[in-house]
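For 1-11, 462-509, the entry in Swiss-Prot reads topological domain 'Cytoplasmic'. Positions annotated as transmembrane segment by Swiss-Prot: 12-32, 441-461. As annotated by Swiss-Prot, topological domain 'Extracellular' applies to 33-440, with the evidence given as sequence analysis. The annotation N-linked glycosylation site is assigned in Swiss-Prot to Asn102, Asn108, Asn173, Asn212, Asn227, Asn255, Asn310, Asn330, Asn383. Per Swiss-Prot, the feature disulfide bond maps to Cys251-Cys384; the stated evidence is similarity to another entry.
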Amino acid sequence: MGNLSRARRVTAALGFIGLLFAVLGIIMIVMVPSIIKQQVLKNVRIDPNSLSFNMWKEIPVPFYLSVYFFNIVNPEGIIQGQKPQVQEHGPYVYREFRHKSNITFNNNDTVSFLEYRSYQFQPDKSRGQESDYIVMPNILVLSASMMMENRPGLLKLMMTLAFSTLGQRAFMNRTVGEIMWGYDDPLIHLINQYFPNSLPFKGKFGLFAELNNSDSGLFTVFTGVKNFSRIHLVDKWNGVSKVNYWHSDQCNMINGTSGQMWAPFMTPESSLEFYSPEACRSMKLVYKEQGVFGGIPTFRFVAPSTLFANGSVYPPNEGFCPCRESGIQNVSTCRFNAPLFLSHPHFYNADPVLAEAVSGLHPNPKEHSLFLDIHPVTGIPMNCSVKLQLSLFVKSVKGIGQTGNIQPVVLPLMWFEESGAMEGETLETFYIQLVLMPKVLHYAQYVLLALGCVLLLIPIIYQIRSQEKCYLFWISFKKGSKDKEAVQAYSEFLMTSAPKGTVLQEARL
């Protein structure tokens, strides 16, 4: 009896534990997704108390700017009317450092900030030195010539004489460092002296001179603390909610984020939209495929073929015109009226006539397409590669001798890649907190439920087995009683009806 009572207590305890496990598993199945969502919402918003705030304030991911220049092989031939020939030089790689300053939280659920960038040359990652010489179009001379195209002949003659006096030619031979960060040019001083405010710079002229040790404008974005539906969206840039560079309200709108984080809980139907001060416009990327980066699930977003399409191919882009061939965007209105164009490198995804007009271009998606890999649950970029090309439209301008017989062509100057990937301790922490722990909780809830069900079965089985034993004992006892009664009746029959000798013989038998 003691063993039986003890067994009952053990099975009852196991059943109680199983019930607790099962209930806990069910509660976790119901509650864990909601808890994870609340934690994500709490920690991706722009709040000094959130886990991602320091990452947003000073990006821990190493960014690199890789620059490729198109060296002009036949500058004199181009002036005489020949087809341009180019050779790609690079990459010249720079480490890009970013940090936010003047962070001000406003009363309308927004935060304002300036983001500063600085660059350091990385010789070990580069294919060449900043002292390398590159032959490229003289942007100042050719742009000024285009601006004078419809001016009186006397002004053109005066400009030709000024160019000659200052030693200016249609093509120049400068070092990579000068092209990137600026060089002294007497033409700049002359223009600023006689045509003040016509150029956005007063000193040296360089393609990236305005970006080094400077900010990209005052961004005001929504924090998501009070209204999560607008988290990271740009409210204003430099105090305005839309720009005035383009010819339609849609093209002038400042849409999306500042390009660093997006709203969490993305789906394949989501898109990535951001405002780029360098491109002077908002851009939208579209979902392509799922992937994995460092063990972290990602969504890859890429540029649609219509990103730089002209208005005849994609009517919503009509506001960015005047346009030339499809696949390049005229950015002259926000680049001191110089005939500059933005596109994918080597005119990838553009009208084929653009690449065919210049020898040495070989567009292909593997090398020249851009992408962003985003963790869909948090909206945080894991790996990105943004590639863009800057080109100059050049042609002969009658009356300006320096332009000679240059045939109309969109001539590529350079293309660059801004890339960054989460790595090291940052990647490990991100993986543990936002991938591993949710995965452990996900499996734990089902393990608890399964274990609870197994433990609940033990007392049930024990009870069934106990009832079976009682039944068998009762059956065997009842059967034994009937057998004894039959033997006794048979013996009495023999004693009363058979002769005595027979009984003795039967007994002996």
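Each Cβ is built from the backbone N, Cα and C atoms, and glycine gets one as well.
On the structure: features taken from Swiss-Prot.
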residue	record	DSSP class
Asn102	N-linked glycosylation site	strand
Asn173	N-linked glycosylation site	strand
Asn212	N-linked glycosylation site	coil
Asn227	N-linked glycosylation site	coil
Cys251	disulfide bond	helix
Asn310	N-linked glycosylation site	coil
Asn330	N-linked glycosylation site	strand
Asn383	N-linked glycosylation site	strand
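Here the Cβ of Cys251 (disulfide bond) has 19 other Cβ atoms within 10 Å, regardless of which shown protein chain they belong to. The highest number of surrounding Cβ atoms within 10 Å, among the glycosylation sites Asn102, Asn212, is found at Asn212.
The Cβ of Asn383 (N-linked glycosylation site) lies under 8 Å from the Cβ of Phe293, Thr298, Leu372, Asp373, Gly420, Ala421, Met422, each of these being in the same chain and 6 or more residues away along the sequence. Asn330 (N-linked glycosylation site) sits 36 Å from Asn108 (N-linked glycosylation site), taking the C-alpha atoms as the reference points.
Comparing the Cα of Asn212 (N-linked glycosylation site) with the Cα of every entry in Asn102, Asn227, Asn255, Asn310, Cys384, these being the recorded positions, the smallest distance points to Asn102. Here the candidates are the recorded positions Asn102, Asn108, Asn173, Cys384, and by Cα distance the one nearest Asn227 (N-linked glycosylation site) turns out to be Asn108. Asn173 (N-linked glycosylation site) has Asn310 as its nearest neighbour among the recorded positions Asn102, Asn108, Cys251, Asn255, Asn310, going by CA to CA distance. In terms of local Cβ density within 10 Å, Asn330 ranks first among the glycosylation sites Asn108, Asn173, Asn227, Asn255, Asn330. Asn310 (N-linked glycosylation site) and Cys251 (disulfide bond) are 13 Å apart (CA-CA, integer value). Every protein chain shown contributes to the tally, and the Cβ of Cys384 (disulfide bond) ends up with 20 other Cβ atoms within 10 Å. Reported as a whole number, the C-alpha separation between Asn108 (N-linked glycosylation site) and Asn102 (N-linked glycosylation site) equals 17 Å. The Cβ of Asn310 (N-linked glycosylation site) lies under 8 Å from the Cβ of Asn317, Cys321, Cys323, Arg324, Glu325, Ser326, Gly327, each on the same chain and at least six residues away in sequence.
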